Amino acid sequence: MAEEIVIDKTLFFNRLSSFYAAWRADKRSSHPTFGGVGSIVILMGKTDEASTFQKNNAMHFWLLGYEFPATLLVFTLEAVYVVTTAKKAKHLEPLRGGKIPVEILITTKDPEGKLRSFEKCIEVIRSAGNKVGVLPKDTTTGPFAEDWKRTFAMLSAEIEEVDISPALSAAFAVKDTDELVSIRNASRACSGLMSEYFVEEMSRLLDEEKQMTHKALSARVDAKIDDAKFFNKLGKLPAEFDAQQIDWAYGPVIQSGGKYDLRLTAVSDNSNLEPGIIIAGFGIRYKTYSSMIARTYLVDPSKSQETNYAFLLALHEAVMRDVRDGTIAKDLYNKAINLIRTKKPELESHFVKSVGAGIGIELRDPNMVLNGKNSRTLKSGMTLSITVGLTDVEDPELKGSKSSTYSMIITDTVRVGENGPHVFTKDAGLDMDSVSFYFGDEEEPQKPIKEKKEAKTSAIASRNITRTKLRAERPTQINEGAEARRREHQKELAAKKTREGLDRFAGTTGDDNGVTQKKFKRFESYKRDNQLPTKVRELTIYVDQKASTVIVPIMGRPVPFHINTIKNASKSDEGEYAYLRINFLSPGQGVGRKDDQPFEDLSAHFLRNLTLRSKDNERLAQVAQDITELRKNALRREQEKKEMEDVVEQDKLIEIRNRRPVKLPDVYLRPPLDGKRVPGEVEIHQNGLRYMSPFRNEHVDVLFSNVKHLFFQPCAHELIVLIHVHLKTPIMIGKRKTRDVQFYREATEMQFDETGNRRRKHRYGDEEEFEAEQEERRRRAALDREFKAFAEKIADAGKDEGVDVDIPFREIGFTGVPNRSNVLIQPTTDALVQLTEPPFLVITLNEIEIAHLERVQFGLKNFDLVFVFKDFHRAPVHINTIPVESLEGVKDWLDSVDIAFTEGPLNLNWTTIMKTVVSDPYGFFADGGWSFLAAESDSEDGSEEEEESAFELSESELAAADESSEDDSEFDDDASAEASDFSAEEESGEDWDELERKAKKKDREGGLDDEEHGKKRKR
């Protein structure tokens, strides 16, 4: 049991006292409900997630507010006895010492101890009388329940068992204020979901003539219960309503098209939703208390259907009028039957067998069914579900069609009042105007024209990009018309980027020199003199590690220097003396970026350095080492602090308490938790995911509100199947900061040599290998289904936060080097990703400002791709060494997702470029923006009109940029080697045509001919 469990002691004793008062009064009654029992046994076995609420767990919730599995309650008029485990017993301890004694008997794994507790309970039952109240219809299972049943059967032969469920039904029937509020809130949630969501979805589907099965529509309604925002917006629900406390009591069930089942056990089938009679019903539970609602909707109804629904409304009103204090339950049913016999006797056989039942913790109280035999009297404060319905009525106007048979139902949840009912579900209209829809006479609505972008994206996504070594077959030989369209589209995108940049940065001045100005951070070594260490009295140099301070004696006084003011310290020897030189930070030193820091007052006088002399060589060497170490530690702490700046503390994960969370077992986590690599399991909770490690109860929580992207990558062509979560803000996993959390399972089993296996003697050839391959394919397909289904469940649970599953398009992927190794990079709908091996790459497409293709020139086998982000302070991302065969595919994809791109023959120094952009972004866009990147590619294509470049580089600057890019860029050494090979070829004097002829000749000699392919691309 969870630690948060707190039992309301006052409520427990109030309800127990009222129960005991009714029990004592019943002993004097001429019509005993309790059957003359001297004791009552309530047995709870193993909890079953699928089981409905019955009298035994209803008793637990009514008295304790919680369900205690594997627990025995024995009630006598003198005391209550509880048999349970020690863990559960500690939650029941506060109940001791009340006005009714509560004795707790603790069981352990020791069978003898459990037997002693059971024997004591049986002795108590015997001493209370020869009749004991039990619940024979409740199905309890589990070892604890079986042990009790076996022991009781052996030791209680002379004790008579009496069904106590009518007495419990009477005790639960009249609700107190808290119970009524919970049922009212559940009812308002039902009404809101029916009228504000289901009706809208149903009418939209019918209006747009979309096909959807009952099961699929039910699943949509089912998922809506997790939408806290939806329920919080419902006007009738109070401000204190907690949307996390609602759950399904039954359903939702949606039926149409001639097949109807009005029982609570009905389920939605796989038939499509059809016009005509549509029935929808469901029940919602709030704080364990239920409410239910059902409505019949008439879509283009026939006259017969309209007439019968109007009559059903009259029946409903007639029953409702008599729902008041003092009415006999069977009179409600008889009134409806009498009205049918008077008005429409042909419908008597089609009328439902009861007009409702008691409702509360149990969805349907079997001891309070409103049929023609129930003689119980209604009392003010009772809650009922009132149901009127007609089943399998033949429509004479639709004879021969599958919709000729129809059913109708109306269900409301009500409270019995002194003078009439209080209808809790009245906000979902049931009059003819509210439930009738007419689409038949309307004109067919025009279908909206889909945007061109969507079609283009899907076309690109479904196309395979062929890779081949033959030049004439490469995608560089592209359709001229397509290239012209792409070039035109790119010009539009470039102009749009410039306009957006001017609008975005209008009135801004940018950062000074392209660097965000750092703020001066104050530091203080000591607040008072008495905080100085005692060793300063010796007037020696002292390094105070605790205060991060170096204390230097100057003119007989200890002077502290905080380590943040010190640049470095060094020791040198000269003759018999050793010299310690301490250099301080001051403005204008021309130090590197790492040491760059702001100063409070640049006009102040600064101390540049101190030199101290001593004959104690070892002492000064130690001091120099201590200062260096202190400085190193200070820088490390500062760096760690800077790294952790964007780590935001997450909210608490809200765990699912009332049912088992959906789990994905046997998955590994990346980045892994510290320690041994073992598989754990992922659980879906109310507001996030939890990865549970089997060791040390470690876990990692990921909240839906922090999920930026959710990816599912199948195991096709891969060794693993995975679900990857890319976060908005980083979290800590162990001691690592990460923005990416991945759950994966290996898709291949360990291979082993079967030599010596007896099966080998009887099977030869490739049969075993073929079977193994078939099994491997089946297993991979099953893995993909399992992980995809789990990813979709994550998306459903997190849909309020906009979580959606994205799957990479492998067919339009390309290889490249984003970090150290060559990997497959794949586009998705919203991102460009590499998820197979760490470090992962996730680039969100809508955050990209522009893409630039580097080293695009004839003779090179690969090129580089640089993404510049809309946040100019973010470093551009490089993907290097992409094969030139992928060039056209990459361009097509960039164009299809509306990313402006340019290309050029060189690697650029992006650090310098971004400093220029950030220093004056408005000026940058006013001077043409990114057009300087396109200048090279435009001239290469032979364009007559050249735009003036906003970022002109001289030859020396280009050379410098090329040199510096070797340090800045992360592509491998092949690129520069290939560039030098090309320049050597150029010097030989062979032109393009000569090179092409030689290449074709070489291809033909290898048995290949490319004469059938299209013309060469003009340069």
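From the backbone N, Cα and C atoms, a Cβ is placed for every residue, glycine too.
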Per Swiss-Prot record, range annotated coiled coil [choices 78-101, 198-221, 774-797]: 774-797
Coiled coil per Swiss-Prot - which of 392-428, 503-539, 614-650, 725-761: 614-650
Same-chain residues near the coiled coil (614-650), Cβ under 8 Å, at least 6 residues beyond its ends: 540-541, 543, 545, 548, 550, 563-564, 566, 568-571, 573, 576-580, 582, 701, 703, 706, 729-732, 737
Mean of the pLDDT scores, which run from 0 to 100, over the coiled coil (476-500): 82
